[in-house]
């Protein structure tokens, strides 16, 4: 009997060890995560990849910027997190069209699934596994709120492997379009270029991109997702449906809050004010400006 992989079985990455899938299957089955074992190796490899980037960041950053060595330990930690965030956003931006093409072929918006889309979401899940590790390890610096955020993000992604609501994943991946500009804004702050012409141009692009993908497109998709959930409220477990509704609204409300903070920060930087905002947006929605 042929063991060739059919197109429907072909993922973004080669399939992982069957032994790993069989090892995690009983746990996944307990929560109805029937598609998760197939992608567990991608999650683990992704988390390892981002940890390697985090380890390499101090070495690379010292060569690229003389400012890095002068930063406090807390600020270097945050700098490295922004480096990892930048890499993650570029990866997801590059895969965005592929993911959109995959989900548009789903016959069912609620329970649609493909191996390729599952692998792309697994890359994101791996990032949040890494993020959870970092926020727990440095909870005295990041605060408990970021630990909770990492857990919530992992929960949302993980339970898409029932499968459930994978169709709407590209909306949240598209949010990463604003992340490179946001991280550039952060790096300019930390290299004494606050209020520079470059930062103002970048800030303008950041605001426009953020409003387009996270506010306009984000809220439209939030409405579409909510309608889909409510129209099938008795099909999926009600607790899961309510959680996704709450998470969906919370993330989009946070985006409104963050964009107001960003506009205020850019306005003050345009006037050369040195005082930093209490909160600064990142790809995880808020990193302390330390």
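Yeah, the Cβs are placed from backbone N, Cα and C, and that goes for glycine too.
From the options 200-220, 263-283, the stretch Swiss-Prot describes as transmembrane segment is 200-220.
Range annotated as transmembrane segment by Swiss-Prot, chosen from 5-25, 110-130: 110-130. Counting Cβ pairs under 8 Å to the transmembrane segment (166-188), the stretch among 40-60, 110-130, 139-159, 238-260 with the most such contacts is 110-130. The average pLDDT computed over the domain 'TLC' (74-271) stands at 91. Within the same chain, the transmembrane segment (200-220) packs against the transmembrane segment (238-260): three or more Cβ pairs sit under 8 Å, each pair at least 6 residues apart. In terms of C-beta pairs under 8 Å, the stretch of 80-100, 110-130, 139-159 lying closest in packing to the transmembrane segment (40-60) is 110-130.
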